[in-house]
Amino acid sequence: MRSKLVAGNWKMHGGMVQNRDLLGAIVAGTAALHKAGFAVCVPYPYLYQAQTLLRDTHIQWGAQNVSQHDKGAYTGEVSAAMLMDFGCHYVIAGHSERRALYGEDSHTVALKFKAAQVAGLIPILCVGETLDQREAAITEKVVAEQLDTIIESVGINALAKSVLAYEPVWAIGTGKTATPGQAQEVHAFIRDRIAAHSPEVAAGLKILYGGSVKANNAEELFAMPDIDGGLIGGASLVADEFIAICRAANN
Ligand SMILES: O=C[C@H](O)COP(=O)(O)O
């Protein structure tokens, strides 16, 4: 039986004072929840603060992006080893905002995924279709291509040490959540596609849903058989919302 995971993706939000209050509230508000796992993926400058405030707690932390390179003349980039220095457990790879705004294609995402794993991080690999793609009824084709590039590059067994996140782009930050049925359909498709390579890896793999998850819809999404928790954007910045989502995953 897969345990659930709720990971917050703060995106480019935060500040030293508000982070301290938010993290303190999350630690306290989830202290009694032992069944699910919880994490926050914070902007790079706040990793040290996250490490300081979350070490010795049940909340793990991570980053939102990583360089595919080990080291070198890559101005502005951050390596996986550097993230390890700050105690990161997770790193998001291939978020749709990185794909759309920073030109990351599935090949680059695969390199980042690999670099993260080599250093000992758990990549949270994001896949998902745009609204145009959904309306053109090519959701499965798009998600399959995103997934297959990773599988071809890293091998199926590497997926066992990762987390997947299905994030329909049209549901991100829009308040339009996929219905539990719509999300479950794609999650099941992803799991089946992985099972074609390895039933064991597919059975153990956490597949999170992301896209306007809130306290009022988390429970029904997380009740779906192939939804193993959530990757939470906006609601991860509001302590009460995030804690309620964590509670829904812990049921
Ligand atoms: O990584 C998180 C997703 O992009 C979801 O963001 P959202 O919860 O603000 O829609």
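Positions of Cβ are set from backbone N, Cα and C atoms, glycine also.
Heads up, TrEMBL stuff is auto-annotated, nobody curated it.
The substrate binding site feature in TrEMBL is assigned to ASN9, TRP10, LYS11, GLY173, SER212, GLY233, GLY234. Every protein chain shown contributes to the tally, and the Cβ of GLY173 (substrate binding site) ends up with 12 other Cβ atoms within 10 Å.
The active site, electrophile annotation in TrEMBL covers HIS95. The secondary structure of HIS95 (active site, electrophile), as reduced to three states from DSSP, is coil rather than helix or strand.
Long-range C-beta contacts of GLU167 (active site, proton acceptor), restricted to its own chain and to partners at least six residues apart, with a cutoff below 8 Å, comprise HIS95, SER96, CYS126, VAL127, GLY128, TYR209, GLY210, GLY211, LEU231. For GLU167, the entry in TrEMBL reads active site, proton acceptor.
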Seminar exercise, completed: CB neighbours within 10 A of SER212 (substrate binding site), counting all protein chains shown, number 21
Seminar exercise, completed: Pairwise CA distances across ASN9, TRP10, LYS11, GLY173, SER212, GLY233, GLY234 (listed as binding substrate) top out, in Å, at 14
Seminar exercise, completed: LYS11 (substrate binding site), DSSP three-state class -> coil
For this session: Enumerate in sequence order the binding-site residues LYS11, GLY173, SER212 whose Cβ-atom distance to ligand 1 is under 6 angstroms.
Result: GLY173, SER212
